[in-house]
Amino acid sequence: MKKGKADPCNYLFRRARVIDPARDLDAVADVLVVDGILTDIKPNIDLPSDRLAHFAVIDASEKWIVPGLIDMHVHLREPGEEYKETIATGTMAAVAGGYTAVACMPNTKPVNDCAAVTEYILERAREQGHCRVLPVGAVSSGLEGRSLAEFGELKGSGAVAVTDDGRPVANSMLMRRALEYAKNFDLPVISHAEDPALSEGGLMNEGPTSTLLGLHGIPKAAEEVMVARDLALAELTGARLHIAHVSTAGAVRMIGEAKSRGVPVTAETAPHYFTLTDDRLMTFDTLYKVNPPIRGPADVEAIKRGLADGTIDAVATDHAPHSSIEKDTEFEYAANGIIGLESALPLILELVREKTLTPSQAVAKVSCNPARILGLPLGTLLLNQRACMTYLDPEFYFVLDCTTFRSKSRNCPFHGQPTRGRALMTFFNGKVAFSRLSK
């Protein structure tokens with residue numbers, strides 16, 4: 001990188017591969033950022049030498065510039081569990097991973113089921129956040145599954161969706177009412193698809209490995225029964241339904257069939273569901289304990305097919321920080337969850353290297369598709385606006401080392417894994433929020 005007398009946030013990227021699926025753009029181009037404003041994208045940008053002296057000129061050959069990534073499913077733990085993560089540390093982890101927006105789940109303490117908590121989260125994000133924070137409100141008051149939260153109040157204060165994530169809405173009538181109510185406010189309802197009667201006491205995927213280990217399993221039906229119910233309710237109400245963390249082949253099939261009938265449903269999965277299989281638990285390593293559980297090889301392949309054919313719209317991390325005490329204990333008592341903000345990008349790019357996804361498809365899963373699902377004008381490169389983009393090297397080789405993560409927690413099962421693909425710079429709101437480039 002040629003720095004010279006560059007002014008703050010003046011950058012000229014030369015010969016970058018610019019991928020913006022929302023604009024159907026995938027081309028080699030120069031990219032100009034002037035005073036933090038994304039000013040131009042075209043094959044060759046010539047600046048007079050006296051003006052060029054005020055820019056950092058970066059040879060971006062073989063690198064990508066993409067819209068700032070969006071993770072539509074994270075747990076920032078604030079308020080109430082700041083020993084696991086805070087808005088400050090979680091959003092720093094996000095920009096280190098290439099993300100410029102994160103949607104945070106409502107299972108905080110107190111639960112985000114009212115305007116006061118939503119407003120608190122947004123205020124903390126303004127004060128200490130490093131990227132955009134998108135609060136998701138609760139479906140039910142206190143996540144108790146008894147009565148609906150005030151969706152209008154939640155949306156009015158800044159919530160972008162509603163969910164009881166971390167637990168299902170077990171009462172079918174309440175879920176129906178939630179979909180009908182949310183439709184009035186054009187809010188998607190995010191379903192944590194789990195039948196609690198079928199999953200009760202389960203510690204991992206039900207199958208040969210759970211039998212061998214003597215661990216109580218969670219059958220695929222625990223997810224699929226609830227997916228089927230919620231698809232039926234979405235079809236009945238015409239409301240927008242989003243299925244979170246899809247993990248089974250049966251769920252992929254049902255979602256695909258529902259889409260073909262015109263049901264207004266979208267879906268996400270997480271990197272661990274297309275990367276890991278349940279035999280990883282043979283060592284009883286609690287880093288692999290997550291809900292829904294890591295499944296078998298056939299499910300992994302089905303998830304990949306669902307991503308490729310568009311059945312699964314988005315990849316979200318389900319970033320779920322936990323303290324070492326909560327993970328370093330007997331398997332039965334260990335908390336469920338994996339952090340993912342700083343490990344997701346190389347795992348997603350592996351789908352490109354193995355030709356499951358094209359580069360444009362992969363970028364869409366973490367940019368314009370989540371933005372579309374949440375109904376937000378994000379996930380695209382907007383000219384003459386404050387730069388919100390990610391500069392990445394898809395072939396950057398490194399070993400994932402959770403001891404260097406910006407997240408407060410270390411529960412990452414990919415620690416020590418050699419991998420490729422990393423964010424080099426993350427621009428948010430016209431500023432460099434994170435950079436790995438030398439000064």
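Using the three backbone atoms N, Cα and C, a Cβ is placed for every residue, glycine included.
What Swiss-Prot says about this protein:
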| type | residues | note |
| --- | --- | --- |
| BINDING | His73, His75, Asp165, Asp318 | Zn(2+) 1 binding site |
| BINDING | His75, Leu76, Arg77, Asn107, Asn291, His322 | substrate binding site |
| BINDING | Asp165, His192, His245 | Zn(2+) 2 binding site |
| ACT_SITE | Asp318 | active site |
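Feature annotations (Swiss-Prot) mapped to structure.
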| residue | record | CB count, 10 Å |
| --- | --- | --- |
| His73 | Zn(2+) 1 binding site | 28 |
| His75 | Zn(2+) 1 binding site | 25 |
| Arg77 | substrate binding site | 26 |
| Asn107 | substrate binding site | 21 |
| Asp165 | Zn(2+) 1 binding site | 22 |
| His192 | Zn(2+) 2 binding site | 22 |
| His245 | Zn(2+) 2 binding site | 25 |
| Asn291 | substrate binding site | 22 |
| Asp318 | Zn(2+) 1 binding site | 27 |
| His322 | substrate binding site | 27 |
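Using Asp165 (Zn(2+) 1 binding site) as the reference Cα, a 10 A cut-off selects Asn107, His192 from the binding-site residues Asn107, His192, Asn291.
Spatially, by CA atoms, the binding-site residues His192, His245, Asp318 include one closest to Arg77 (substrate binding site), and that is Asp318.
Of all the binding-site residues listed here (Leu76, Asn107, His192, His245, Asn291), His245 has the Cα closest to the Cα of Asp318 (Zn(2+) 1 binding site). Neighbour density for Leu76 (substrate binding site): within 10 A of its CB lie 30 other CB atoms from the protein chains shown.
Taking the centroid of the Cβ atoms of His73, His75, Asp165, Asp318 as the Zn(2+) 1 site, the other same-chain residues with Cβ within 8 Å of it are Val74, Met105, Gly166, Ala244, His245, Ala316, Thr317, His319, Ala320. Calculated from their C-alpha atoms, the gap between His73 (Zn(2+) 1 binding site) and His245 (Zn(2+) 2 binding site) amounts to 9 Å.
The subset of binding-site residues (His75, His192, His245) lying with their Cα within 10 Å of the Cα of Asn107 (substrate binding site) consists of His75, given in sequence order. Following the DSSP three-state reduction, the secondary structure of His245 (Zn(2+) 2 binding site) is coil. The separation of His245 (Zn(2+) 2 binding site) from His75 (Zn(2+) 1 binding site), Cα to Cα, is 13 Å. Under the three-state DSSP scheme, His75 (Zn(2+) 1 binding site) falls in the coil class. Closest to His245 (Zn(2+) 2 binding site) in space, going by CA atoms and restricting to the binding-site residues Leu76, Asn291, His322, is Asn291. A Cα-Cα distance of 19 Å separates His322 (substrate binding site) from His192 (Zn(2+) 2 binding site).
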